[in-house]
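S.K.: According to Swiss-Prot, the protein carries these features:
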REGION    1-390  region 'Disordered'
COMPBIAS  1-20  compositional bias 'Basic residues'
COMPBIAS  21-64  compositional bias 'Basic and acidic residues'
COMPBIAS  71-108  compositional bias 'Basic and acidic residues'
COMPBIAS  126-137  compositional bias 'Polar residues'
COMPBIAS  138-186  compositional bias 'Basic and acidic residues'
COMPBIAS  247-262  compositional bias 'Polar residues'
COMPBIAS  264-296  compositional bias 'Basic and acidic residues'
COMPBIAS  310-330  compositional bias 'Basic and acidic residues'
COMPBIAS  331-347  compositional bias 'Polar residues'
COMPBIAS  348-364  compositional bias 'Basic and acidic residues'
COMPBIAS  366-390  compositional bias 'Polar residues'
TRANSMEM  410-430  transmembrane segment
ACT_SITE  His504  active site, charge relay system
ACT_SITE  Asp534  active site, charge relay system
ACT_SITE  Ser619  active site, charge relay system
DOMAIN    680-733  domain 'PDZ'
Amino acid sequence: MDIGKKHVIPKSQYRRKRREFFHNEDREENLNQHQDKQNIDNTTSKKADKQIHKDSIDKHERFKNSLSSHLEQRNRDVNENKAEESKSNQDSKSAYNRDHYLTDDVSKKQNSLDSVDQDTEKSKYYEQNSEATLSTKSTDKVESTDMRKLSSDKNKVGHEEQHVLSKPSEHDKETRIDFESSRTDSDSSMQTEKIKKDSSDGNKSSNLKSEVISDKSNTVPKLSESDDEVNNQKPLTLPEEQKLKRQQSQNEQTKTYTYGDSEQNDKSNYENDLSHHMPSISDDKDNVMRENHIVDDNPDNDINTPSLSKTDDDRKLDEKIHVEDKHKQNADSSETVGYQSQSSASHRITEKRNNAINDHDKLNGQKPNAKTSANNNQKKATSKLNKGRATNNNYSDILKKFWMMYWPKLVILMGIIILIVILNAIFNNVNKNDRMNDNNDADAQKYTTTMKNANNTVKSVVTVENETSKDSSLPKDKASQDEVGSGVVYKKSGDTLYIVTNAHVVGDKENQKITFSNNKSVVGKVLGKDKWSDLAVVKATSSDSSVKEIAIGDSNNLVLGEPILVVGNPLGVDFKGTVTEGIISGLNRNVPIDFDKDNKYDMLMKAFQIDASVNPGNSGGAVVNREGKLIGVVAAKISMPNVENMSFAIPVNEVQKIVKDLETKGKIDYPDVGVKMKNIASLNSFERQAVKLPGKVKNGVVVDQVDNNGLADQSGLKKGDVITELDGKLLEDDLRFRQIIFSHKDDLKSITAKIYRDGKEKEINIKLK
């Protein structure tokens with residue numbers, strides 16, 4: 001933006017400075033109106049509600065003239081400061097440290113002055129030194145405007161002013177500006193009021209008013225000299241300006257880490273300076289008012305009047321004033337709070353000063369200071385590190401804040417979760433243990449029951465031996481098979497024992513050797529035997545209390561697959577009390593038995609099948625169920641190659657019927673119809689034609705002989721009759737015919753037979769008694 005007098009600044013800076021200028025003007029106008037109103041109320045002023053700038057030139061033109069004047073003044077200051085910039089780094093550092101601590105002292109002094117009754121003290125002070133103040137009004141014009149701007153926006157403007165004012169060559173001027181930036185709006189009000197009182201002198205009033213206008217014209221240029229130093233550059237585009245702002249912002253973030261290592265050494269230098277200036281403080285006390293600001297509302301003065309440069313004497317005087325303020329601050333208060341904040345502000349001032357110097361060097365074709373560049377690089381690296389630390393700190397702060405807000409709920413939630421996990425684990429363990437215990441209990445119960453049944457059954461099972469082995473007249477094979485077997489004590493009456501066993505075990509001998517589980521032996525007598533049922537009853541006497549009577553079960557309730565135990569004496573006494581386990585493999589089996597060992601079956605035995613291991617010597621042994629009750633007596637097994645675990649037992653209900661008759665009668669009376677028969681399956685073709693047997697008949701028996709006056713003869717059976725059904729049941733062979741007839745031994749009722757005679761079918765009734 002061209003503002004005349006060969007000055008060009010970026011448009012964005014121009015707009016920003018214009019807004020600040022107009023804002024300050026409006027603020028000053030409102031402030032003056034307010035002060036005038038108060039003066040009217042106090043009868044100290046004859047002016048009321050005077051509107052400032054109404055008759056002045058256009059605001060925009062006034063702003064341009066003010067800005068142009070400031071730029072010219074700034075260029076002169078920059079040229080003067082070039083010579084001083086060649087000083088050594090050590091001098092610059094010492095100047096910075098002195099400025100830093102002086103600035104800190106001024107700020108602390110200002111804080112202490114706020115607690116004093118400023119209205120009375122400052123009014124008196126201003127009256128005594130009004131002449132000194134008026135003599136230095138040209139120097140204080142710009143400073144008065146800066147004070148008012150800094151009071152409205154203290155942090156922003158203060159940092160920008162200190163950016164340039166903290167240069168080593170201008171430390172005195174920086175001290176004055178920093179002192180003024182620390183003053184509050186209340187100080188400005190009191191000073192303005194005092195000046196209003198002094199304005200009663202007619203010969204001085206017009207001059208004071210003209211100086212206020214000069215202050216207003218220099219307000220904006222003085223606010224941010226660091227920005228004005230760049231105005232001689234070429235106009236920056238908006239992206240370049242934003243990039244520059246970001247770099248400056250990053251440099252400000254690392255301000256507190258740049259000069260941290262040198263603060264301890266600077267403190268000693270500051271103390272030396274303080275002791276050096278202490279003697280001269282009292283001599284220059286009357287010159288304090290030269291630093292005050294003068295406010296007036298006269299718009300008729302020249303707006304374009306530039307600020308006057310400060311002399312060396314003024315700079316020395318400013319330094320002495322600040323040393324005095326530091327001394328008073330230390331005397332009034334021992335508080336040290338704010339040191340770090342002032343140090344940080346000083347760091348920012350020095351940082352902006354270095355940036356301004358580098359920018360100025362670039363504009364004039366000079367290389368930046370090597371130390372400043374190194375510091376900038378160090379700042380950038382430190383900035384990155386600080387950003388990472390700041391991010392981690394932010395996360396930590398968020399977590400801490402979250403924990404502080406919600407820690408009771410989190411603790412309760414964690415407790416509930418832990419409680420649920422513990423209860424779940426407990427319940428799972430309990431359930432698991434219960435299941436294991438149930439399984440163990442079931443297994444233990446099963447095991448215990450099985451063992452209990454086995455132990456009880458062993459006490460009721462005995463070994464039966466006959467004297468057949470001593471009889472040399474019998475075949476050796478027969479003697480070896482019949483010489484040993486097992487028996488079951490099914491009844492005990494006092495010392496009398498009733499033992500059931502197989503008929504083929506006792507053989508033809510009346511006396512049997514009975515050996516108990518405790519290896520005691522007695523001689524028993526055979527009460528009776530029945531070869532058709534293969535059962536025998538032996539009576540023995542023993543006072544041994546260990547021999548028990550076995551419990552009797554019910555064979556009519558047998559279930560296929562029901563578990564059973566077989567207790568016997570396989571292979572004789574040496575293996576007595578052997579227990580084997582199995583299940584019921586089949587029910588209602590008709591097993592052909594050869595009693596006399598002539599390789600011809602003599603009888604069909606009704607039995608149930610088991611798969612428990614049965615060996616020679618188990619004949620006559622006990623078959624018990626899971627309750628330990630007797631359900632059968634072992635009778636036979638199939639001994640064939642490739643056949644295993646196919647054994648048969650007589651149902652206990654049939655055994656009870658047989659042993660009852662054997663106890664009382666010693667034998668079983670079966671019906672005898674008085675016939676001899678042949679199986680149809682064994683007839684040849686000539687024999688089939690002789691009896692005129694139809695071709696469809698495959699099974700049955702042929703009557704070969706009929707006894708005279710026998711039951712068959714009385715019933716009308718004749719030789720050559722073919723019987724195919726008996727008692728409503730198919731007749732396969734003569735074994736089946738005998739089994740059906742013997743099954744009616746108790747009732748001896750007549751049964752119906754279906755026969756073929758001379759090729760014709762007919763039925764007859766066969767009498768059984």
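Just so you know, glycine gets a Cβ as well, placed from its N, Cα and C.
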S.K.: Roughly where does the domain 'PDZ' (680-733) sit in mean pLDDT, to the nearest integer?
M.R.: 85
S.K.: Among all the protein chains here, how many other CB atoms are within 10 A of the CB of His504 (active site, charge relay system)?
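M.R.: I get 24 for this one.
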S.K.: What same-chain residues lie close to the transmembrane segment (410-430): Cβ under 8 Å, and 6 or more beyond its ends?
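M.R.: Sequence-distant neighbours of the transmembrane segment (410-430): 403.
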S.K.: Counting other Cβ atoms within 10 Å, pick out the least crowded of the active-site residues Asp534, Ser619.
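M.R.: Minimum Cβ neighbour count within 10 Å, taken over the active-site residues Asp534, Ser619, occurs at Asp534.
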S.K.: Taking only the Cα atoms, work out how far Asp534 (active site, charge relay system) lies from His504 (active site, charge relay system), in Å, as a whole number.
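M.R.: Checking the Cα atoms of Asp534 (active site, charge relay system) and His504 (active site, charge relay system) gives a distance of 6 Å.
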S.K.: So, in DSSP terms, is Ser619 (active site, charge relay system) helix, strand, or coil?
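M.R.: The residue in question, Ser619 (active site, charge relay system), is coil (DSSP, three-state).
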S.K.: Take the C-alpha atoms of Ser619 (active site, charge relay system) and His504 (active site, charge relay system) and report the distance between them in angstrom, rounded.
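M.R.: So the alpha carbons of Ser619 (active site, charge relay system) and His504 (active site, charge relay system) sit roughly 9 Å from each other.
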S.K.: By DSSP, how many residues in the domain 'PDZ' (680-733) are helix, how many strand, and how many coil?
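M.R.: The breakdown for the domain 'PDZ' (680-733) reads 14 helix, 13 strand, 27 coil.
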S.K.: Look up His504 (active site, charge relay system) in the DSSP assignment and report helix, strand or coil.
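M.R.: Assignment for His504 (active site, charge relay system) reads helix.
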S.K.: Tell me the coarse DSSP state (helix, strand, coil) of Asp534 (active site, charge relay system).
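M.R.: In three-state terms, Asp534 (active site, charge relay system) counts as coil.
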